[in-house]
Amino acid sequence: MKNTETFSGKKIVICLTIICLIALGFKLYLVDFSIPIHSDALEYALHANAISDGQFLQHPQRHSGWPVLIASFFSLINSENFLDYSNIVRVLSIGVSIVTIPLVYLLGRKFFDKKLSLIAASLFAFEPRLNQISGLGYSEPLFILVIVASFYFILDKNNRYVVIPFILTGVIWWIRPNGFMMLLIISIIYFIYFRNSSHSIRNYLIYIAIVFLIVSPMLIQRYDQFGDPMYNWIAERIWVGEYAMSRSVNIESDTYTASD
């Protein structure tokens with residue numbers, strides 16, 4: 001216990017800064033900024049470009065949370081070179097993954113002492129697969145960041161902050177189709193911690209209403225396009241044994257081009 005107390009706030013900040021810088025070095029080493037993004041990241045970028053041009057159609061496979069964030073940065077530049085947009089996506093993804101590291105430490109402090117929390121942050125920062133994904137431009141880094149933030153606030157057991165994880169749950173749902181599962185997890189934790197509160201049910205219904213208010217534009221748009229607010233093209237084909245085909249068939253319902 002004595003050794004733990006020697007970790008002052010200043011030393012913790014220094015340690016986290018060093019961890020973040022080393023992790024940044026790993027991430028940059030694994031990224032090739034000389035080639036455009038491809039695969040899922042390409043679809044996210046094209047979707048973001050369409051959003052920045054005022055086209056708010058929903059993608060049949062993916063949600064719009066990550067493209068919406070990307071689009072806000074695309075609108076700041078005017079380039080004819082798609083590589084510039086590709087690198088914006090990469091830099092954003094890396095930046096989000098770096099910001100998550102201190103948050104993992106703070107989440108760790110809910111369970112461990114300072115030293116073990118630093119170890120947890122280090123394990124997250126140096127995990128090879130996460131470092132590789134962070135430079136690909138996928139939605140996973142943002143998804144992880146918001147999930148970690150949600151757990152941090154719900155585990156705080158503070159009535160003043162309990163609405164925040166529900167707001168973030170709505171954001172998670174915007175980012176990925178399976179984000180709605182976070183609503184179930186947050187709800188369980190809420191009732192474990194606040195079941196004895198005199199207004200727990202009333203407050204919970206308010207928080208649920210906030211979640212659906214946040215995701216309602218997306219759900220309404222998906223209903224207008226696909227006839228189902230929860231529609232997901234891949235999930236539909238998993239259940240009929242056509243998942244392999246779902247990864248190879250071109251999507252014709254939405255076409256996004258770099259010139260849109």
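Using the three backbone atoms N, Cα and C, a Cβ is placed for every residue, glycine included.
The feature transmembrane segment is assigned by TrEMBL to 12-30 (among others). Same-chain neighbours of the transmembrane segment (12-30): 94, 97-98, 101-102, 105, 114, 118, 121-122, 125-126, 131-132, 134-135, counting only residues six or more beyond its ends whose CB sits under 8 Å from a CB of the stretch.
The annotation domain 'Glycosyltransferase RgtA/B/C/D-like' is assigned in TrEMBL to 87-220.
Per TrEMBL, transmembrane segment is recorded for 88-108 (among others). Within its own chain, the transmembrane segment (88-108) has Cβ neighbours under 8 Å at 12, 16, 19-20, 23-24, 27-28, 31, 33, 37, 41, 44-45, 48, 69-70, 73-74, 77, 116-118, 120-121, 124-125, 130-131, 134-138, 141-142, 144-145, 148-149, 151-152, 155, counting only residues six or more beyond its boundaries.
Marked as transmembrane segment by TrEMBL: 136-155 (among others). Sequence-remote contacts of a segment are chain residues at least 6 beyond its ends whose Cβ falls under 8 Å from one of its Cβ atoms, and for the transmembrane segment (136-155) they are 37, 39-41, 44-45, 62, 65-66, 69, 86, 89-90, 92-94, 96-97, 99-100, 103-104, 106-107, 110, 130, 161-162, 164-165, 168-169, 171-172, 175-176, 179, 182, 186, 189-190, 193.
Residues or ranges marked as transmembrane segment in TrEMBL: 161-192 (among others).
Residues or ranges marked as transmembrane segment in TrEMBL: 204-223 (among others).
Tertiary neighbourhood of the transmembrane segment (161-192): same-chain residues 62-66, 68, 139, 142-143, 146-147, 149-151, 153-155, 200, 203-204, 207-208, 210-215, 218, 230, 232, 235, selected by CB-CB distance under 8 Å and a gap of 6+ residues from either end. Per-residue confidence over the domain 'Glycosyltransferase RgtA/B/C/D-like' (87-220) averages 94 (mean pLDDT, predicted model).
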